[in-house]
Amino acid sequence: MSMLSLHQLQLNIEKRNLFDLCITFLPSAITYIKGANGSGKSSLLRMIAGIMQPSSGNIYYKNSHINNCQKPYCTYIGHNLGIKLEMTVFENLKFWSEIYNSTETVQAAIHYFKLDYLLDKKCYNLSSGIQKVVAIARLIVCKSDLWLLDEVETNLSKENRDLLNNLIIMKANSGGIILLSSHQESVIKSAQILQLK
């Protein structure tokens, strides 16, 4: 089963314990991570993605410690969008599809987010909102059942926010686990809230 478990996961900064978490996320879970600035929302997502080490504790996905999971085991989109600005929109999507061995999904991502007219554009020529759309199109391109999304709705138009929310619901309905940090109110009624102090 594709469970995600945090076992006594702690983050200590300047002798302050930001969180101490013991929690399991089951398949089809959508969880909004809430908390004030500096409460550790982004750090928690980075830990689960394997980018940052916790102060103590362990993270397990599909019953394996994340250090032993075959990479890439998740799709993480943070403040650094992970797009290559000197490459075109199509080249970026193709690049990610090759990492995840999922080249057949590129056209689906292009169609879903209506990117056809931008395929040959270099990403440095795009607005911050469209760069964000290219980044979240990876959610279709990259075949993973664990999505970690750090304030991805920022700079998105209402249309693209709606497309993103529908995509999240579809992923959850197919058994995926989605964790999102957000300053906005949850518009997904089935979502649960993880509140960091």
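Using N, Cα and C of the backbone, Cβ positions are placed for all residues, glycine too.
According to Swiss-Prot, the feature domain 'ABC transporter' maps to 1-196. Annotated ATP binding site per Swiss-Prot: GLY35, ALA36, ASN37, GLY38, SER39, GLY40, LYS41, SER42, in sequence order, evidence recorded as sequence analysis.
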Taking 10 A as the limit, how many CB atoms besides its own sit near the CB of SER39 (ATP binding site)?
18
Beyond the listed site residues GLY35, ALA36, ASN37, GLY38, SER39, GLY40, LYS41, SER42, identify every same-chain residue whose Cβ lies within 8 Å of the center of their Cβ atoms for the ATP site.
LEU18, SER43, SER181, LEU196
What's the number of neighbouring CB atoms sitting within 10 A of the CB on ALA36 (ATP binding site)?
10
